[in-house]
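Below is one structure, written out as structure tokens; comments come after it.
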Amino acid sequence: MQSILSRSIKGPIGLIVSILVLIVIFSILNPRFGSIENLQNVLYQASVPLIVVVGATLVIQMGSIDLSVEGVMGASGMAWILLSPNTRHALDLGPWAWVIAIGLGLGLGLLSGLVHAKLKVPSFVVTLGTWYVGLGIAILLYGNGMLPSLTSEALARWPSRLSLGLPNSFWLAAVVILGGILASNYTGFGRGVLAVGNNETIARGGGMAVDRIKIAAFTVAGCLSGLAGILATMQLGSGSPDIGFGQLFTVIPAAVIAGTALGGGEGGVLRSILGVFLLIILNNGLVLAGVDPDFQSGVFGAILIVAIVAVAWPTRGALKVAK
Amino acid sequence: MKTLFQTTRRQFGAAAVAAAMIASLGSTAALAEFAHPEGFNPDEWVMVASVINTTNPYMISNIEGAEAVSKALGIKLEIVNSNNSSQTSISNILAILASGKKPIMFVNTVASSDAPPIVDAVGRARGYVSIWWNKPDEFKPQNVGDHFVAFQKHPGVESGRCGAQALADALGGEGSVVMLPGVQDSTTSQTRVAGFRAEIAENYPGIKILEERPSNWDPQLGARNAQDLIVKYGDEIKGVWAADDGMQIGAMQAFENAGLLDKVKFSSDGLYPKTLEDIISGRGGNAIVGETFHRGYMASAIGLYTTYLAASGQITPSELPDEKRESLFKLSCVTPQNYEQYLQYDEPGAADAFVARLVEAGPWDTQPVPLVGAGPEVLPNM
Amino acid sequence: MTSAIPPVLKLTNVSRSFGKVKAVNNVSLTIARGEVIGLTGENGAGKSTLLKILAGIERPDEGTMEINGKPANFRSPNDAFRAGVGVVHQEQSLFTNLSVAENIALQNQDRSGLSRFGIRNWGEINRNASAVLDKIGVKLSPRARVGDLSFVDRQMVEIARAVCVEPGKDATPLIILDEPTAVLEQAEVEVLEREIRKLRRFASVIFVSHRLDEVLRICDRVVVMRHGSLTSDRSTEGVTKQDLFKAMVDDAPVAVTRARAATPAQSTPAIEARGLTVNGKFRDISFAVHPGRITALVGTNGSGRGALMRTLFGAGKPDAGTLLVNGQEVSNWSIRKAVAAGLAYVPAERKVEGMIGGYSGTRNIAMVHRQTAMVGPLLHPGRMARTAQTWFDRLDVNPNDITQPLDQFSGGNQQKVVLAKWLNSPDLRVLMLDHPLRGLDVGVSQAVNAQIREACKNGTAVVLIPDTIEEALDMADEILVLRDGQISARHDLSSGSDLAIKEIVAEMI
């Protein structure tokens, strides 16, 4: 574990520095930024993208991409809330609601993986398809009825309730992250993902079960998107087919900023997590600093570019090719 | 603006009673075979309802209204899902226009700039169109031609004023509030924000607006921004106004999580079923103090029916007065005291009943959303 | 069953065809325990296909194969691996983003102890790798990332991975080294030779190489292939290079020895370095190359000559010193400026830096100098094709198809196209070549050298990083020996002095 930590930290030193600089600046601009309350707030807000980014990182490390995140979140979130105590009807399957909703995510991920690996369709196209399949399922489940909201106080409050000083949402994300790090570093699957991302031809030539690894990665990503959909639904207290809105363009930039090359083979779960925190902290800090809404998008983009330059600085070189 | 607002308030009671009476009559009328005027063959026409997406409750309600009109008039209906994209919207509409039938169309535009190309295409297909909510101010039906039957909307300034009054009154005219506008460059959001700010500036000097955080009509972004604002201002925030109920749902969840729901008042626009439920249950110590009432199905039904009247020759758009070409329809202020009047409009079959009354009374006189003025909407001087 | 020990490999009448081409034609071959066999032949002679059959990548159409006395029907590379056939591929087949230990372990997935219940045991993986690296006597950290290693070290990792084969009791592993020396320096080839001598104690080895002297030095027996068939199979005892050469090619070309160019008295050097330094790579390098002369940079892999050449081409910034091109001092030197000034660079990593594999020969050639193909601001497809066709004809590129994507050509023919890309310059002042003959067979090597000489005759200055010292002696007018980033010796060959290889090696290390 020691060596893995040091190996993972060595790369994103620029990223860590960027985050620290942002924290210092925002704390000066508004002392409340550094408060325990805001820490809890940031962790709460980061938990959904953190869960999604673990799966997304595995897929991107493999040199593929999963665009289906928002659709899968919508389908799983909607399935879960309709099977949990809600204002639509009295159906309450308890834990089975989780199983079925995550199973739905698993199924969609499996579909992406199978079509991608077996029919050799680019993942970009396949997952664009599963995105809309997922959204379609969510819309069908939603129907024309009223917005389903959670009637169980316990479920609705669970994500924000604190355990050991941190919100439960974050603990859920932390468990997923830990699992992701372990899978990535200690299982044949995780190492296989890196090998396939580095050179698929060699991996096949060396007798690795490349197709199985690909299918597994998409399936894991689907499950995690499903779980994220449930958590987002719980956080909002209501179901919506759009529950995943905006997650895709949080998670993919987060992974890439952190050095997970879209070409595959590089980066890691731990790094992507730093990427998510960079984006969430940046957004949160700008609100707390009171940046005028008219300027917020522009300022967000400008700071992001500076941060990315800082991240990429150590690896620049005359003949390095950026794509 | 102020006077208009006062009239709307006074008319409330009468309107509600009338509406209830007509509603009971409506259902039988809809069952009868619809009698089209001489020379109108419904088989030559297709009804088209173009909505921004199919996931937002308001859009789903738009579709419901279109279905009710289609059923009542016996004309086939096509739904266009724009998937939040102007491009998709226009290309899908063009595809339907190419099918050969003449369109009777209602469009809830994704962006103002979509209106001209859509109207132009409908004209070439010898159809008729009414547009709701968004169009460029200078693009007027009167100047375009009879195929652009009308532009219709509920006044956004009115919505903002409603919310401001309810919120400020509930706070006793004293305290700090935050605002959650929708998509920043949307006219709908801008007019509502302007109305809110104008009402506070004119009549409530004791209310301080701490900050505005555009939340893109997205409940989750509403929740996230509310969380950040809670961290920033803590219990200094006494009131929250959101440009629509979706964002209010998110914001209320954030305040509830922070344990502050019963110390803060909320007002917004749309009276979503979920919001109605919260008003009824008195959630968070009657946290919701003000709403506005309008329904998606009413908008699409009025739009389609107006268009149908033009298509079937029962009205000639160029002969209509300005307020019937560029129209503002009534928006009702809802409070925890009067919400019960609006429950009937969410009953099963309410859309069909509304359409029946619409056919009876015409597109400009149907309660609870009669015509109240002419557009374009003028933003208050600030 | 006889009591005699069965041969490690026994091929009987093995054939494999692709379409009409018989890539391997009726080959029979037996390898005994501990034997080191040299396999040689021109590019396209069928060596690669034969190796692929042994490695389980291709299956023979006809014939039988026995490994350690057991019939072998490999369906996958893993089958071959389990049976005890380990291959060190010609193309690097390591995952550059993973560690040394992990690359070794990935080939060995079913080996016990490396993972428990599907969970990687990093301690065991690293220990296992250390043990294997020790066994072959290589000092490398198992934790090092392969992407950070030099070519030689990667080669060692490949060998270590192949050596992991443990086919079981009474069975001898067969290690196939596919052109392992192609990317190695002189000193490292010696390391490899020692390595192979160690390997034969517990394995049989097939050593594939174009370098006939290496084959004769290292192997017990040498097998020559031509057009898919074995044309020679004999002990290396008493065999000369000339004998092998005759078996390899249909008509042996006459070796051309170039007349050395004299030091020009007055001409301006095409390129000149004065005290050029890049911290950590090389320092205080001064030399000049005049038009029409060839300067060879000789040294070991870490001597800094590769970095020096890249700096000359503008791919890196010098920390000190000046660079003069055509007599003019340059500042803010960049690749763009270098190309504009008539410099050309043929990189060692041809596939990565020298060409675009998915592009046709036409497009590759038109990539840098396209003046001849321009009509106003536009590229003229017909002229592009004509230019490409001219070069394909002149360099005898095979197949002579300018529209075929370059990655479908053999390495030698790719190198010809890369060379053509630069030779197409209307005003070629300096031609720099980093290992231009790497992985090329004798015929192609001679063609490439002929082109270099041709350019030189037309007044181009050439800077060459050769594969071997022989190559330097054959080609260069001047040899600069680099050691630890500094010039340790200069030899002007135009004076006609006879230089011994030993002498140069001594200056290198």
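Quick reminder: no glycine exception, Cβ is built from N, Cα and C everywhere.
According to TrEMBL:
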- A:12-30: transmembrane segment (TRANSMEM)
- A:42-60: transmembrane segment (TRANSMEM)
- A:95-117: transmembrane segment (TRANSMEM)
- A:124-143: transmembrane segment (TRANSMEM)
- A:170-194: transmembrane segment (TRANSMEM)
- A:215-237: transmembrane segment (TRANSMEM)
- A:243-262: transmembrane segment (TRANSMEM)
- A:269-289: transmembrane segment (TRANSMEM)
- A:295-313: transmembrane segment (TRANSMEM)
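Between the transmembrane segment (A:42-60) and the stretches A:12-30, A:124-143, A:215-237, A:295-313, the greatest number of Cβ pairs separated by less than 8 Å involves A:215-237.
Below 8 A, the CB atoms of the transmembrane segment (A:243-262) and the transmembrane segment (A:295-313) form 3+ pairs separated by six or more positions in the chain.
As a quick check, the transmembrane segment (A:170-194) and the transmembrane segment (A:95-117) miss the bar of 3 or more Cβ pairs under 8 A, pairs 6 or more apart, so the two do not touch. Contact between the transmembrane segment (A:295-313) and the transmembrane segment (A:95-117) is not supported: fewer than 3 Cβ pairs lie under 8 Å, counting only residues 6 or more apart in sequence.
Counting same-chain residues at least six beyond the ends of the transmembrane segment (A:95-117), those with a Cβ under 8 angstroms from any Cβ of the stretch are 55, 64, 66, 68, 71-72, 75-77, 79-80, 83-84, 123, 126-127, 129-130, 133-134, 137, 210-211, 214-227, 229-230.
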